[in-house]
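For reference, the structure is listed below as structure tokens.
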Amino acid sequence: MLRIPVRKALVGLSKSPKGCVRTTATAASNLIEVFVDGQSVMVEPGTTVLQACEKVGMQIPRFCYHERLSVAGNCRMCLVEIEKAPKVVAACAMPVMKGWNILTNSEKSKKAREGVMEFLLANHPLDCPICDQGGECDLQDQSMMFGNDRSRFLEGKRAVEDKNIGPLVKTIMTRCIQCTRCIRFASEIAGVDDLGTTGRGNDMQVGTYIEKMFMSELSGNIIDICPVGALTSKPYAFTARPWETRKTESIDVMDAVGSNIVVSTRTGEVMRILPRMHEDINEEWISDKTRFAYDGLKRQRLTEPMVRNEKGLLTYTSWEDALSRVAGMLQSFQGKDVAAIAGGLVDAEALVALKDLLNRVDSDTLCTEEVFPTAGAGTDLRSNYLLNTTIAGVEEADVVLLVGTNPRFEAPLFNARIRKSWLHNDLKVALIGSPVDLTYTYDHLGDSPKILQDIASGSHPFSQVLKEAKKPMVVLGSSALQRNDGAAILAAVSSIAQKIRMTSGVTGDWKVMNILHRIASQVAALDLGYKPGVEAIRKNPPRLLFLLGADGGCITRQDLPKDCFIIYQGHHGDVGAPIADVILPGAAYTEKSATYVNTEGRAQQTKVAVTPPGLAREDWKIIRALSEIAGVTLPYDTLDQVRNRLEEVSPNLVRYDDIEGANYFQQANELSKLVNQQLLADPLVPPQLTIKDFYMTDSISRASQTMAKCVKAVTEGAQAVEEPSIC
């Protein structure tokens, strides 16, 4: 772990405030005056020339500089003239001094940039027509704006062998300009020291030295930060140009973080998914599953309603026939004979529609696949099941205790925040659970949940660390709550959090208790009053079961009576569809305007990027049509009316991009004392231990060939999925 060298590279950084990006400015209160092309600007001591220029709206060209990475200063494209200085300086690395007059467009600056650009293009293949970076390439843009109109280089160009670093990132290393952005991203953000440089001068190459897969859950981000076409997307190769695609701002549902994304589509098909800036959630990064699992949206899709015939086979039918059959069964059964299970990719609109439908047939047996303890405060207090500190709040914490979770694969962008704070703010991290590679050092306290009792009682050495902390966080993974002693684990963590608040120097508004969820629908379902887990259905098996996107395999045919009528509504023929008597095809997250609530309780919206395939429809519309045929018509016909209903049930569900602060931690702790469950000695083992467990976790990613290639590459090595380069 290269914590010390990286910190030396980032020397001069102040402690990162909440939600901000890396800056070289110090905490000094006295400002100094500098001039940019004669325009006065006040900046803090330590501000670089480039930052001072940006403060007045002057854009300086750059290739190696990136706001979230350490300064390398090796591309020299940002050269500017300082009045009375003998030579031009690199704007990204030079701190300003009082009274400087920075000349960004002087003849000297222009000639320096032209010279640098000429050197960069000397060995560049200039293969823009067949380069996937074409149209969004920094080298194209800056050579047009700052380069010369001709080259003096007449010798043969350098050629570099391409590297095979796995099934996601395609390399054409002849295009590489050695900006080292990918290397710095890998070591600083992803925490993986797989990439580096070998050789020097004309022989310098970027690669892995020994051919191997770039083993990171964030590897796709090096495609975005590469300023040229050296690193591009393998699945996207030669499929579309950026100006041909339609961009739709949306939300990711592959985990519970709720990363902001842009869905690029062409001719009704998702071509690629890119990150969208959101400082409080994902900054400008997304995980590989978010970025590359989109091909699963085209495979194993349910496109037409299906019913099981007399021979026990599922056959296609019309919407009228399918809905009539389901409505007839709904009219035959009432109350406890009817139950529903909601899966991990279901939106809030569908959840409230299904809840209203079952309530109208006198049933309240609405369950989620994911278990959450109901003993003690359970789900009655919102603070008991949220990441209360917020994702960006990690940057303010000084101690983090992780319990029964592997955030690197359960919530990669949350883990990246922890690593960022660990690098910049000297964050101390401890883990109770199976030892895993989190990309940062931590104190492993053991894997037994009984350690929680020792910490709560104050007998464990780590109790003193928590007591001395000013802003501690205790993060409990939702996977730990799936155990038989989940209620006892939750009660113990609640007790620790409350004791910290009472005995340490924690400020009044700082929240210690945090739950890290893994699936996108869980928080909204709990907000709407769904029962966590399917234990109620196992104890009292229904005669009609509605599976709304339930593909987790939490219940099987063997758990239900032989005459139980099962309806599956969803978008993939995965785990739930084969056991159903009727299948109603729904829309995936890229095909509907829908509300999702992330693990910190922040409501966000997806937008329609493409239309659902075949006869598939949005989930709430299917449920609304079903209610009308069944004679229990739901009182809404439009999306706005459904959201008005959401507001009636839980107002926070329509306060988009806003977090309603949760409270009542003391009351939750008092109620947790009523839990009489005992902690087990079994070790806390998160379900996603290694990167192989990360790629295929839901119906979309399980249908993705790209994710299957990743699993194969991790299992057998990158050579197993090597693809010859066309270029």
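Here the Cβ of each residue, glycine as well, is placed from N, Cα and C on the backbone.
Around CYS75 ([2Fe-2S] cluster binding site), a 10 Å sphere centred on its CB holds 23 further CB atoms from the protein chains shown. If you look up Swiss-Prot, you'll see CYS64, CYS75, CYS78, CYS92 marked as [2Fe-2S] cluster binding site, on the strength of similarity to another entry.
Averaged across the domain '4Fe-4S His(Cys)3-ligated-type' (108-147), pLDDT for the predicted model comes to 94. Annotation source Swiss-Prot lists domain '4Fe-4S His(Cys)3-ligated-type' at 108-147, citing sequence analysis.
If you look up Swiss-Prot, you'll see 245-301 marked as domain '4Fe-4S Mo/W bis-MGD-type', on the strength of sequence analysis.
Annotation comment: Swiss-Prot describes LYS84 (among others) as N6-acetyllysine, evidence class similarity to another entry. Listed in sequence order, the residues of the same chain lying 6 or more apart from LYS84 (N6-acetyllysine) and placing their CB within less than 8 Å of its CB: none are present.
Residue environment of LYS467 (N6-acetyllysine) contains 16 other Cβ atoms, counted within 10 Å of its Cβ in all protein chains. Annotated N6-acetyllysine per Swiss-Prot: LYS467 (among others), in sequence order.
Around LYS499 (N6-acetyllysine), the same-chain residues at least 6 positions away in sequence with a Cβ under 8 Å from its Cβ are ALA456, GLY458. The feature N6-acetyllysine is assigned by Swiss-Prot to LYS499 (among others), with similarity to another entry given as support.
Reduced to three states, the DSSP call for LYS709 (N6-acetyllysine) is helix. Just so you know, the Cβ of LYS709 (N6-acetyllysine) picks up 20 other Cβ atoms within 10 Å once every protein chain is counted. Taken from Swiss-Prot, the feature N6-acetyllysine covers LYS709 (among others).
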For the domain '4Fe-4S His(Cys)3-ligated-type' (108-147), residues assigned helix / strand / coil by DSSP:
27 helix, 0 strand, 13 coil
Those residues of the chain, 6+ apart, with a Cβ under 8 Å from that of CYS78 ([2Fe-2S] cluster binding site):
LEU50, ILE60, PRO61, ARG62, TYR65, ALA90, ALA91, CYS92
Which one is it, among the recorded positions CYS64, CYS75, LYS709, that lies nearest to LYS467 (N6-acetyllysine) by Cα separation?
CYS64
Including all protein chains shown, what's the count of other C-beta atoms within 10 A of the C-beta of CYS64 ([2Fe-2S] cluster binding site)?
23
Taking the Cβ of CYS92 ([2Fe-2S] cluster binding site) as the centre, count every other Cβ atom within 10 Å, in any protein chain shown.
25
